[in-house]
């Protein structure tokens, strides 16, 4: 039907224009057909927050809300990079320690060798890029399964961190700019301004898209839905900025502590940029294509090897960003930076958010939503006084739960022919 | 219909190591006509198609395209001439929608950004031009389509680029009766729109339903290329299985057979 709607004869034969009702029904049908997207993450987030708020009122304070962002930032950033690799149906088990290596490079350059912060940050990012290139080359050109390559990387990078740390010393990072990333806040006004710019920018993009599609008689989302999206973003951002701008200091006379942590706009900008790359450029389209059907992508003239190598490069570079943030948060780098649970939290974040382990399905936003879930679990269980043993078990179970949801929804989708 | 072939192959040889797969093959495809390429398994149909589409280099022989001698050494050369192949296993990405699949690898862009409205419009026009009305929405994932719809998308993808020659490798092999009819109708419409169509098929009913000419391969040799109206079902089967049928096909005396050049020349010469 929609085919006839867009022929040159004009809008006479238009299929029934989608209404809000049909839009919601269509969405519900997709969900029932197994295309659940980020629904489990959002639902999980709401449930967890409700439980923790009831059990521990201190969970629902402005101070703890800000903590969630600073605690979850590093894992979320690594997860955002992992989405690229997961979209190809590959895995990067070395991302955690790759972030450790990059953080170690940063700390050595700043504290031991006394370079300015921008040189160190650049060197850390470059280290990530080189690591990703090597991993990608081994996977795409040599043809070793990514699981094995990155498992080897996991072990080797652990060693590299130890070597860079001169056998287990920890190096403190006191450089003000690097420390500020996680530990300083933006002025109240700047937070509001950035939020307003974000909402306005989103509104302009959505409305322009609506207008250009309407002008060409293409099937459009109903206008109220478009407005609803903009309003929802404005509401969420407004609420978050409002809470973050509340006074968090226990004693205002000693120090004032309010404003959006500087790391938040960094995550937000990377979210927008990477989402743009994946959804609006042909490079992103090719990532999805390679993840969906590598042979089809090859026949379509896509350089599959180049796509695969570049995805690993992006992943490790994002791991470097995560490493820098982790170093900033801890004010130091030790041999365990990027170790222990960081990798599993990051993979968990991506998968909980709705990125498929089978490739071809996922968004950058998934990593952020999943990262929020992981941060809430970590933070809330800490407040409840559970030991890290219990935390590990629960996070493992949640990861397994998310992977089961992924596998089951995939099965349901193939049964209903949805995906 | 048209007297001059769009694509003409002469004396194509192709070996894989010691195995000679194509011997002195002559083949022609005419604009506005469906040429069926038939032959038993291992007769060299797929190899011939892969030579035409530039996947395999040929050992000897010449290509004439639109009256000009050309060399096709890569799939890109073939695509730039306007030759598109729809493979048996479709080569569609399940996780992408119809528009995304049709433009895969050749996306329309506005600077850095994908130009989605233009792509969607072009896809809609192409499908409308093929009178395809079986697809509900251009934005549905290919995974939700039936076999016939997928085949339709694959064919539409091939004609999107103002292609002149479309080669279809077993397009109906996995389809039910109704869907086969839909796809054959589409194949016929391609030819009626002026394209040269090459249809590879094992199904004689399909071949006789849509083709204007039939080219039969037998053990790497082109044994006949004749008009569909001038040959019977039984004769085609004989050509496929024995390499000759009455006057058609290989010479009776195996001594004269040589490399099969003589019979192939005489039959194709007689037709064109």
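Backbone N, Cα and C atoms are what each Cβ position is placed from, and that goes for glycine too.
Checking the ranges A:1-20, A:121-140 against TrEMBL, the transmembrane segment annotation falls on A:121-140. Annotated range for transmembrane segment in TrEMBL, selecting from A:284-301, A:392-409: A:392-409. Proximity of distant same-chain residues to the transmembrane segment (A:392-409), defined by a Cβ-Cβ separation under 8 Å and at least 6 residues beyond the stretch ends, is recorded for 34-36, 40, 44, 341, 344-345, 347-348, 351-352, 354, 356-358, 370, 373-374, 377-378, 381, 386. Sequence-distant contacts of the transmembrane segment (A:259-278), counting only residues of its own chain at least 6 positions beyond either end whose CB sits under 8 Å from a CB of the stretch, comprise 66, 69-70, 73, 76-77, 80, 83-84, 87, 180-182, 184-188, 190-191, 194, 198, 240-241, 244-245, 284, 287-288, 314, 318, 321, 325, 328, 363-365, 368.
Contacts between the transmembrane segment (A:367-386) and the transmembrane segment (A:226-244): absent, as fewer than 3 C-beta pairs lie under 8 angstroms at sequence separation of six or more. Contact between the transmembrane segment (A:36-56) and the transmembrane segment (A:342-360) is supported: at least 3 Cβ pairs lie under 8 Å, counting only residues 6 or more apart in sequence. Here the transmembrane segment (A:342-360) sits apart from the transmembrane segment (A:185-205); fewer than 3 CB pairs are under 8 Å, leaving out pairs fewer than 6 apart in sequence. Between the transmembrane segment (A:147-165) and the transmembrane segment (A:95-115) there are at least 3 Cβ pairs closer than 8 Å, counting only pairs 6 or more residues apart in sequence, which means the two stretches are in contact.
Between the transmembrane segment (A:95-115) and the transmembrane segment (A:68-88), the number of CB pairs under 8 angstroms, six or more residues apart, is three or more, so the stretches are in contact. Of the recorded ranges A:185-205, A:226-244, A:309-330, the transmembrane segment (A:68-88) has the largest number of C-beta contacts under 8 angstroms with A:309-330.
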